[in-house]
Amino acid sequence: MNIFRLLLATLLVSLCFLTAYSHLAEEKPKDDRSLRSNSSVNLLDFPSVSIVALNKKSKKISRKEAEKKRSSKKKASMKNVARPRPPPPTPCVATRNSCKSPAPACCDPCASCQCRFFRSACTCRVLSPRC
């Protein structure tokens, strides 16, 4: 019985090695001419790169420019936030209240009516707080 188990174990191991070997990718050796002609990347196509050392003044100027850009972005975002919102319609539904199809629109301009469970439970929800 032990010889039979040993034979089965060696058969199993050999099958494992055969399956692993069959899944390995085969690489065919290519000559240098075919590699040169088939290569899609040509080193002459790329421009040369020059490395320039920065002095302290240029570093300070670039920091100042970066701060100016940051401040201008903050000012622009402040302008976008300050825009007036349209007034809500007179008969409107508050946020998180029921808004079935015969009900009027939501009061918040950023909110929309979302329905669940085959339109049996509908509520006004704000989708994006940055509206």
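Any Cβ shown, glycine's included, is placed from N, Cα and C.
Within the set Cys110, Cys113, Cys122, the cysteine that Swiss-Prot bonds to Cys115 via a disulfide is Cys122. Only one of Cys92, Cys124, Cys131 is recorded by Swiss-Prot as the disulfide partner of Cys107: Cys92. According to Swiss-Prot, Cys124 forms a disulfide bond with Cys106, chosen from Cys106, Cys110. Here the candidates are Cys110, Cys113, and Swiss-Prot names Cys113 as the disulfide partner of Cys99. Taking Cys92, Cys99, Cys122, Cys124 as the disulfide-bonded residues under consideration, the smallest Cα distance to Cys110 (disulfide bond) is found for Cys124. Taken residue by residue with DSSP, Cys92 (disulfide bond) is part of neither helix nor strand, so it is coil.
The average pLDDT for the domain 'Agouti' (92-131) in the predicted structure is 78. Residue environment of Cys110 (disulfide bond) contains 14 other Cβ atoms, counted within 10 Å of its Cβ in all protein chains.
Candidates Cys92, Cys99, Cys106, Cys124 (disulfide-bonded residues) were compared with Cys115 (disulfide bond); those inside 10 Å Cα-Cα are Cys99, Cys124.
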